[in-house]
Structures are given as structure tokens and as C-alpha cells.
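Trainee: My structure is below; once you've seen it, I'll send some questions.
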Amino acid sequence: MFYKTFGFLFIYLIILISGTLSQKEIDSSNEQPVIEVFLVPHSHCDVGWLKTVEQYYTENVTLILNNVIETLTKDKSKKFNWAEIIYFERWWNDQNETLQNQVKQLISNKQFYFVGGGWTQNDEAITDYQAVINQMTLGHQFLFNQFGIKPEIGWQIDPFGPSTLTPTLFKLMGFKYHVINRIDERIKYIFNATEMNIPESGIMTIEREFEFLWYPSSNNPNISIFTHVLDHHYESPSLTIVDYEIPNLTYTSGFDFEGNPKINPPITILNLRFRADLLVKIIKERIDLFRHNNLLLPFGGDFRFQDSKIEFNNMDKLIKFINSNQKTYGVNIKYSTVDEYFEKVIQDTNINWKEDTTTTTTTTIPIGGDEFPKLSNLDYFDYTKCDYNDYQKYKTCSLYYSGFFSSYSELKQISRQSDSLLRIGEFLYSFANLISNNNNNDDDDDDDNDFNIQLKEISNILVQHRNVSGILTHHDAITGTAKTKVRDDYLLMLNQVQSNTMNNVIPNIVGYLLSNKSIQNFDYSCNNTIIMNSPQIGDIFSISFTNSLGWDRSEYIQIQLPPSTIVTVYNYNLISIQSQIVQRFDKDNQTFLYFNVETPSLGISTYFIIITSTNDDNVDDDVDKVFGDDELLIYLLKNGILSKPILSEISEISELSSSSSSSSSSSSSQITIGNSKFNLNFNYLNENYNLLTLTSFDDLIENEYSIPITQNYIEYISGNDNSYIFKPSGLPVNLKPESPKFYKVTGSLVQMITILYTNNCSQTYIVYNSTTTTTTTTTTTTTTNNDDSPPLELINDEQYFEIDNIVAAGWNKEIGSQFSSESINNDKTFYTSNGLELIERNYKSLFNDTTEFNMIAGNYYPVINTIQILDNKSKKQLTILTKQSFGASSQNNGELNLLFIRRSTDQFVTLNETMNDISNPLIKIKVLFGNSNSIENIRTPHSLLLENPLLPIYSIVSDITIDKWISIYNTVFKPFKTSLPYNLHLLTFTKQQQQQQQDFNEDNPLDYFIRFLNIYEISQSESFSQPIEFKLTNYFNNFNITNIRESSLTFNSIINNNTNSIILNPLNLISLIITISKN
């Protein structure tokens, strides 16, 4: 709503406003019920943004907590709401016992209230669901262990758009209510002034839909959460009187008493009535947005209450004056916690909850509340702001927050890699604890005791890694929307915890789990410099591959080698297997070794690389001299069991002449790579700068040939956009190369096409071929089985092709990838993942705005791991899988656009910095193309395999000889009896960190937290979108499970004390607390 005033003096504005307030909008009829105002004191404390996390804590947060706690202790009428547990936990640990006891009393009195309770307020657009769960668990476990508190209210007031994932997860955490804020302002507000007129705006205002029952998931239709949208942001109330004719006379007055005193003057005897009138005017405007007579009114803002006295003292005067004049104002105000507001709303509207018995995971569903609207299966992307000056320039709202989906790509990539590494560390640490505890019970061996000391150190390292992972979920961290110094600090933290985990956690535990004798002083490393450091003929290296998924796996891996090195590869049974050496022209001509690796579920498999030739030397000349006294290897070699690897055929592809490349269908120019399931066909295209370009696909399973599909780099020219906002100046164009080069790699295992656009921009297409091994597993397919069913072949590396995209952007350029296929008529409908499930997107104009740059930006959506288009008639489907987030869209029929990297000279007013991304990341994607039914069977497992790669751990074997090595170490660690079924994902297996304080007993062992997810959506797959029934005892190998309890998602509430047999429906998730020991 907009107001126009006329006048030239500030004092005249005050008189005009005061007169207006006192005459009409303040008077209250005796027939009107009193408006109950729940004033919610709070401070929004970003976990990094304009300052680093450390700076915010030491310079701001400590002041806030110290002063607020002091104020609340002195005055029981005062209340405060706190969200970011990362700051509170640190502050709490810095306090003495006396102050801690005071805080406990404030919490008990409900003066100090925790809302949300996560480590931070995570971004909702591009943060992976496992990272969200982990950061919420961090906060919830601290609150539960220290205070017995179980948060019930979501508080996501600053992320740039609410996702359907968040209410789904929050409901599984036991939340009843949810508060959100940043949604498209054209949905919230009516813009109908002459100077800023947006047709159809303000539906929430018109229909009073600022509160609703949100049913976020079509796969879990009974999950719902009562949701409140902040009507006017989370800051202290203010009112702006807009003068469009004379903008300099626009007048804002508010109640942010730590803010600008000209706008937020302190309360005095002289201005008390006027200021009270203004606050009541704000209240009465806002209460009309709701369907009851209760108003949640935020009182605070970014890092507010550093001076809690000035905030509370000024507001005290207003509260006292307004409440004492209730007949005049019809308003009653009180300091409140967020739950008090919801309790009153529920009381007034008769909403109740009952247990939902229709699902396999325990949750509640609402009864009553018919007066509230219901929102189903919809999220609130893209968040859009409407700025007056921006509107005057473009005659439309053009601030679409779809840029941060792709901003600072390298940060997004490293963050996701760090989460994958943490996941491996958590699994390994849990198994090491189980085995170590069993050894200590059986044998008080000094070596085991030494390892227990290491486990404590390892635990501390993982705690720090977990904490940093939580920090990176913050809505200004992974988004790339913080200042450069803060972003650099995030990267520094990530690199430090990754280094600690890689160097001090994973190698030590892998060595421990593989040992079959007492621990040896043996050097395991996550770094393959031991291979790269001038290997000699006869050198032997072991590589132990760690699998963090609950499925047996068989897939291709790549290991870097020194140039001109020939090797032989042996598997865990010491049987020689095929391998291929490839020179990667997109990676500075570096040399890589490819071979197939098989690993058991959650297990480890060891492979051996033997240097057989360097610089054309050959080991066959004198075997005894090369391998010394390693009798086992000499025996294997002399009996012809070892063989050299199959070398790749490398050829540079010359440019074709213009006559032969003038037609995209010219057979003489077509170049093909493929396997037994498909071929990729490439041609030189004049319309694409005569670049070698993917032009068609042969489906050898369906006997369909030359199916049109193209892919190439595109670039947008920036138009005043920044790390938050995407505002391209027009449609994308094909990226123009500089002296391009093309290479083809052929071989029996892997084939590649590499296209070098520039020195720092390239694409490499990778196709894998089946291989036959002489091991007990004779296929490259990964197998799985249900409890009593035979193995089913489902996943293999021939089902997809990879594209390694190495990208860089010049100033005011935004680089992406465009796929196009005439065989898919998707009618501009596409699907993006929120991490757990696909959300349908439809290319459309918003609020009748067909401005070109808004049609582009407003139809880009966040992708966590999957984007796809399909043709429902032909059943053709194109699916792109990724292990990092970015923005994507379908702007034309049969088209998918992915936006990888952005760079702009525009200085966003808040950051006052350019978006200067000079990184050169490699972004790997998996591509599935073909029959829709076939793809839907396999896309979700393939996505998890991509996101959770095998981790290689290296060691030098030749120092002690291989026969001694295998006498000390097992080549396989297999903790599960059998692989999980492919629709069942083991999401979490981690050791409980701390007992609840009031139940603490050092003699009680800590339990283990475990989560399972049925990964298939309803109707995704006829074969796999089925309920799964399983028992944990059928899987854990040599471990004894004595107690299984179902809990909330963050393990702070027991739901079922006896959970032996588990049933999971499609896309259901269950959390368990188990007592387990080694047999």
C-alpha cells in the first residue's frame, strides 16, 4: 500500500502523519476485539556476510548475548528469541558455571527461547538435503544434550526463497510451525500506484494468505506444516510515506532504536503519543493481512540488541502507553516468544494434530483449520524484489534472485566435495569405534590403546569438519553472496578441515580397518604424490578404495600417473585386470590410468599398481633384478599371469575443409565414440564456428539411430547483475572459440572427445565400455538384492556419458551449457531437484511481464543434483546429473540450459564489490538420454554414485614387499553381509557425540545414529517405487544390534522404542538410534 504526502518541511510531514493517525485509524470501537500483538525480540546473526564468522562473533554476537542475558536476568518481563546455535554454543562454552545456571533459568522461564535451532539458517535453493539435515542436527543435539530442548518452530527468515524441501525435513524433525519471509514481493504486496503499477500483484494481501497449511511434497501428501509469512520483513516495524513526485520528501519512521536516530528517534515525553500512534497504525494495517486477531511483530534485525537496554527501554515506554490506552487503541502488546504467538493462533482457530497412520514414518497431520488456505507441492522460487528506481528504469521489477544459484561455482563445488569427504570419515570412524571397543574388551593391548587415543583426536577433527560443513550451508556462504574476504575465509575453513580429514582421519582408519594384526607403522595417504614422485620399474603401490554407499559398486576410476609410465593393475584377489592409460588434453596433457574397481557396500577394496615400464624400458629383460626378493611377484610374472595395460590410441582430429563440413550431416565429417548401448556422433558445424559438435545419438538397445541431440557452450552478456541477481542483457549466443583444437581418444575401456575452446575453457565427452574380468564378479554391473531375492543387475557405466566442463568467464560474461533435442517435445516443461524429489517447472511470464531479460532470469531455477526434460508421447527423456548446484532452465522446446560460472563489473550496493570470479573449475555432469522408463529406473542411484565417489587411499608396498603386505593387511573390509536393495539408501551412520546432560553416565556407552531413505519417488519406477521391508540385523556383518529405536530426524525425540522390522514407502526417510557392538 502506498501513501502520498505533499509538503516541503519535515515538521509538516510529522504534523500531517500525526493528524491522520489520531483521527481515523487509531480510534477503536468498543465492538471491535482487542488486537493481541506478540512483539518478538530477536537478532538475526548471519554466519558470515559482510564480516567473517570470527569477526561477527567477537565484535557483535558476544555483545548481544552478554547484554541480552543481563537484561533478561534483571527483568522477568523481558523475552528474547535466538536462532543461530553456532554462535550460542561457542558463547555458552566460554561462560562460567554461575552464568550458565542463570541462562538455564531464563530458558526454563521461557524468557530466552530457541527458534529453528539449527547451526545456522541454511540456504534453501542450492544446499543438499544431507547438509541441511546435518547442520540442523548439530544445533538440535546441542540444545537437547544441554537443556533437554526440542525446537518446534522453523525460523527461515532470510534465505532467498523457501524450498519445499525445508518444510518436509522440518516436519520430520518434529516441527509444528514454520516462519518464512523472502518470497516474490509481487505475491506479498499490492503495487497499484500510478508510478509503480503491477497487475495481479498482492494476492497474499488481497486473500489474506500470509498463513497457510503447507503440503510440500507430492510424494508425502500427508506431511504438512502451519506456515507464517512475515508480512514486512524481519526488522523492527517501520512505516514509509512515499512521495513519488518529490522522492526527497519520502519519509520513513520506525522503531529500530539502534538504527539511524533521525528515522528511529528515541521515545520521549514530547513524541510519545505521536510515536505510539504510528506504531498502532502499523499494527492495524498489518492485522488486516491475517484471518484472526493476533499479530506476530518482529522487534530486531541484523545484529540488533548489541545495546539491549536502549531497545527495551524505548519499547517499554510505548508498550506501557498503548496498553494503558486500550480503549483508544484497541491493542494489547507484550514481549513474546514465537511459540506464544502460534499457541494463541491455534487456540483461536481450533487446529489440532493427530498421528498419521497412513505412512511408514511417524508424523502428524492437522485437524481443523479450514479457515486457512492450503498450498500443495509448490515452492517460492525465484525470490524477486521490486525497487522503485529500478522500476522507473525498466518499467518492471527486474531483481530476480536467480543469479546466486550459479555464483562462485568453485565454492559450491568444494563445499559439496567436503560434505562427501565428511560422510566417508563418519562411516569409517563409526566402524573403527565398534572394532576398537571390542578389542579393548577382549585384550588390553598397548597398540589398541594407542589407537584409542588417536580415535579421540580423530573425533575432534570430525567435529570441526562437521561444524564447518554447517557453516557453509548458511544463506550467504554456499550462495556466494558474501564479501570477498568472507568468501575467502569460508574457503580457508573448508581447505583446513578437508586437509585434516584427508591426512589424519581417513588414512589412519583405513589402515586400522584393513589390518589383520596389530597396528603397523605404515604410511597410508590420500595424496597420490607417492606415485607421481619419480616411480621406478618394480615399484608397487596399493590403492584402497573406500565406498560410503550401502551398495556393492563396480565402476571406473581414474588415477593420475607420471608421463610415459606403463603399469599393471591387480585387484584385491591379486588377479591382473584390464586398464587403460589416457592422455587428457583438457588437463594440461596429464596422464591418467583408468580401470574398473569393485567395492563392497560401506567397505574397502585394495588394488595394486606395479610399475612395469618407464620411458620405454621393459621389465621383462631381468625380472629378478627389478623385484628383488619379492618371490610372490616373481612367480606371478614368470608364469605369465601379469600383463601390460592396454594402451589408448590417441589421435588429433584435424579441421575438415569447408566443403566437407558445410553440412552437419556430412558422413565424411562424422566422428563417433560409443559402447554396446549407444553411440555419440559429432560433426563440424559452420553455424557453431566450425567446432566439432555433438549432433546425434544412436540408441543401440532400441535400434534407433541418428536421434538429434546437440550440446555446446553458451554465454550471456551481463546487464547490471551481481552475485544475487541474474539480469542478462539478452539471449545467449554460442561461445566463440579461440584457436580451437579437437582430440579423440580410443581404447577398450574408455573413449573420449575433447574440444578445446580456449586455454581455460574445454569440454571432454567420456564414454565407458564394459569389461570382462577373471574375478569372482564377472560383470561391470553393480548388483543388489532384497533380503530374500536373487541379485538384480541394475547399474553400470555404459548407461550414461560424462562431460567434463572446464570453464572460465571474462568480465560481464556468464558461461553455461545448452542441450537441445528435436526428438523431445517438452512444451517448455522441465524438472529440477530440490535434492530429494523433482519439482515441475513451467516456462512462463510472471505478472504479465514479457521483458526479455526477465523471461530468461525468471525461468532459471536451482538444481541440487538433477534436471530433466521428457516427451510424454515419445517417452524420450534427457536427464542431467550433477554433484554441485547451479541454475538451469528450459527456455525453448526440447532445450536445457545450465549456467556454470558468472562474472560482472556491477557493484551491488550491499557488498560494494564486483562479482570477480576468476576460478577455472571442472564441472562434471552425467548425461542419461533415451527411453524415459529406463532412465527413471536408474537416475537416482546414478545421482548418488556421482555425488559419493570412491575415495582412493595410497601406500607404497614395494618397501616391505607385497607378500609381507598381505600378511599384515586384508585387501577387503566388508562390514555388511550383503548389499542393500537399490531403492534403499543408507544416509547416515555416525556415533552419538554426547549424552543428554541430565542422563549423563560415563559408564553408559554412546549409541549410533543411522538414517535410511527410500530414494524412489511415487510412480517414478514400476519396479523400484515400492515399499521396502528390511531388518538391520540382516545386513551388519559380525556386529550385534541389541536395541533399535525410531527417532525424529535430528535424534532428539524417541518415536518408537521397538523397531525391529522396518517398512519404508517411496521417498520416506527414517531415523534410528541403535545400540551395536562387534560380535
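Every residue, even glycine, has its Cβ placed from backbone N, Cα and C.
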Trainee: Based on Swiss-Prot, name the residue from HIS465, HIS475, HIS942 that is recorded for the same Zn(2+) site as HIS44, ASP46, ASP158.
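Mentor: Given HIS44, ASP46, ASP158 bind Zn(2+) in Swiss-Prot, the matching entry from HIS465, HIS475, HIS942 is HIS475.
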Trainee: Quick check: with HIS44, ASP46, ASP158, HIS475 left out, which same-chain residues have Cβ atoms within 8 Å of the centroid of the Zn(2+) site Cβ atoms?
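Mentor: The surrounding set, listed in chain order, is CYS45, VAL47, TRP49, GLN121, ILE157, PRO159, ASP302, HIS474, ASP476.
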Trainee: Roughly how many Å lie between the Cα atoms of ASN192 (N-linked glycosylation site) and ASP158 (active site, nucleophile), rounded to a whole value?
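Mentor: Cα-Cα, rounded: 26 Å.
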Trainee: Hey, of the glycosylation sites listed (ASN96, ASN192, ASN467, ASN516, ASN872), which one tops the CB count within 10 A?
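Mentor: Compared across ASN96, ASN192, ASN467, ASN516, ASN872, the most Cβ atoms within 10 Å surround ASN467.
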Trainee: Can you see whether DSSP assigns HIS44 (Zn(2+) binding site) to helix, strand or coil?
Mentor: strand
Trainee: Using a 10 Å cut-off, grab the number of neighbouring Cβ atoms around the Cβ of ASN912 (N-linked glycosylation site), all chains included.
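Mentor: A count of 9.
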Trainee: Give me the CA-CA distance between ASN769 (N-linked glycosylation site) and ASN527 (N-linked glycosylation site), in Å, as a whole number.
Mentor: 28
Trainee: For ASP46 (Zn(2+) binding site), which of the recorded positions ASP158, ASN467, ASN872 has the nearest Cα in space?
Mentor: ASP158
Trainee: Of the glycosylation sites ASN96, ASN222, ASN527, which one has its Cα closest to the Cα of ASN848 (N-linked glycosylation site)?
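Mentor: Nearest in space to ASN848 (N-linked glycosylation site), counting only the glycosylation sites, is ASN222.
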Trainee: Near HIS44 (Zn(2+) binding site), meaning Cα within 10 Å, which of ASN60, ASN96, ASN872 (glycosylation sites)?
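Mentor: Within 10 Å of HIS44 (Zn(2+) binding site): none of them.
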